[in-house]
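Report on the following structure.
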Amino acid sequence: MSNPSLLILPGDGIGPEVMAEVTRIIDWFGAKRGIAFDVSEDLVGGCAYDKHGTPLHDDTMAKALEVDAVLLGAVGGPKYDKLDFSVKPERGLLRLRKEMDLFSNLRPAQCFDALADFSSLKKDVVAGLDIMIVRELTSGVYFGEPRGIFKEGNERVGINTQRYTESEIARVARSAFELARKRNNKLCSMEKANVMESGILWRDVVTEVHEAEYSDVELTHMYADAGAMQLTRWPKQFDVIVTDNLFGDMLSDLAAMLTGSLGMLPSASLGAPTENGRPKALYEPVHGSAPDIAGQGKANPIACILSFAMALRYSFDMGDEATRVEKAVEAVLADGKRTADLLGEEGVTPVSTSEMGDAILAALDASL
Ligand code: IPM
Ligand code: MG
């Protein structure tokens, strides 16, 4: 059998710096664990626009559809703010999600013990937090038609459309129920069924899928605004949350900040299983391209490294190796190593991006 294949798209801003540390971890697996990947690299976002005049070249799109998993760094930057909407760096990422049909976006919010003090919430509210937001990623208001800015009489009107089919809701619900079964068997579905027809349908379909296939999982429903409130009040009441594209975008940023730093959080975007049984998949850190610190060796590579760990778990069925990476990260944090985004404790000097990589590699060595 051939090696599993990875397409690396470092992107813009701090993307290339944090991805460089992931590449070292991939090499470590080849050298020390006999797990080799076929790795290729390409451009996405602003850097692709600079070279090709488009944030995602068709050849890159074709490659992404062929490989077992895509690892993405980050896209965007102030340099591209004035570009036409159709060629903005973010469009590259949205095209990957849509054409790979990555409908299930897994965004864990986990609070590492060593970092519980970094949250803006009280320590006992977040210590030990481990929840998973499943965000629908290929439909809803992000893609619904009609959309655009039109002329109506003598003023302009901006239109976006929230649209969900039953099958789109059912497939993301199934992926969330499956995850809940592997965790604490609890799922909370969030929508606005009190004001939106798409929310009423969402609640109906999730309930139907539950009754027909997953009645062993404990299911609750919440309006998304109340969900935001409950997430800040007592986030540990949740296990898995499933929600639509836009609510998921907002709630996952909120949940991320509960853990103290966006620099820590990975994500996986999964599609349906392909012929070889592996889902179409893209892994990326939740943080953005952080142009203010790009090129300075300050960025925290942990979210990107944990995204690779998610690839090991969800694409390659190597849960034990994923845990090995996660434990190495935990050990390094417990040892007091901090990148600049995690400072606050007295007397701690920050480590650089590559020093954090060094420390994680040493912890991996120690795990053998
Ligand atoms: C995210 C981001 C993206 C989104 C942007 C960059 C298009 O905020 O992945 O959460 O809105 O989905
Ligand atoms: Mg977002």
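In case you wondered, yes, glycine gets a Cβ from its N, Cα and C as well.
Unlike curated records, TrEMBL annotations are generated automatically.
Annotation comment: TrEMBL describes 5-360 as domain 'Isopropylmalate dehydrogenase-like'. According to TrEMBL, the NAD(+) binding site annotation covers 77-90, 288-300. Taken from TrEMBL, the feature substrate binding site applies to R97, R107, R135, D225. The site 'Important for catalysis' feature in TrEMBL is assigned to Y142, K192. Annotated Mg(2+) binding site per TrEMBL: D225, D249, D253, in sequence order.
All features noted in TrEMBL, drawn onto the structure.
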| residue | record | DSSP (3 states) |
| --- | --- | --- |
| G77 | NAD(+) binding site | coil |
| F85 | NAD(+) binding site | helix |
| R97 | substrate binding site | helix |
| R107 | substrate binding site | strand |
| R135 | substrate binding site | strand |
| Y142 | site 'Important for catalysis' | helix |
| D253 | Mg(2+) binding site | helix |
| K298 | NAD(+) binding site | coil |
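Around the Cβ of P89 (NAD(+) binding site), the number of neighbouring Cβ atoms within 10 Å comes to 26. Looking just at the domain 'Isopropylmalate dehydrogenase-like' (5-360), the mean pLDDT is 95. Taking the Cβ of R97 (substrate binding site) as centre and 10 Å as the limit, one finds 19 other Cβ atoms among all the protein chains shown. With respect to ligand 2, the recorded positions Y142, D249, K298 contribute D249 as residues with a C-beta closer than 6 angstroms to one of its atoms, given in sequence order. Among the recorded positions listed (G77, D81, Y142, A294), Y142 has its Cα nearest to the Cα of R97 (substrate binding site). Taking the Cα atom of each, K192 (site 'Important for catalysis') and D225 (substrate binding site) are about 8 angstrom apart.
When Cα-Cα distances from D253 (Mg(2+) binding site) are compared across the recorded positions P89, Y142, D225, K298, the shortest belongs to D225. Ranked by Cα separation from P89 (NAD(+) binding site), the recorded positions R135, Y142, D249 are led by Y142. In the three-state DSSP classification, A290 (NAD(+) binding site) falls within coil. Here the CA atom of D81 (NAD(+) binding site) lies 26 Å from the CA atom of R135 (substrate binding site). Those same-chain residues not listed among D225, D249, D253 yet with C-beta within 8 angstroms of the centroid of the Mg(2+) site C-beta atoms are A224, A228, L246, F247, G248, M250, L251, S252, L254.
Residues from the recorded positions list (D81, P89, K192, D249, K298) with a C-beta closer than 6 Å to any atom of ligand 1: D249. The recorded positions considered are F85, Y142; of these, F85 has the fewest other C-beta atoms within 10 angstroms of its C-beta. Listed recorded positions: R107, K192, K298; maximum Cβ neighbour count within 10 Å falls on R107.
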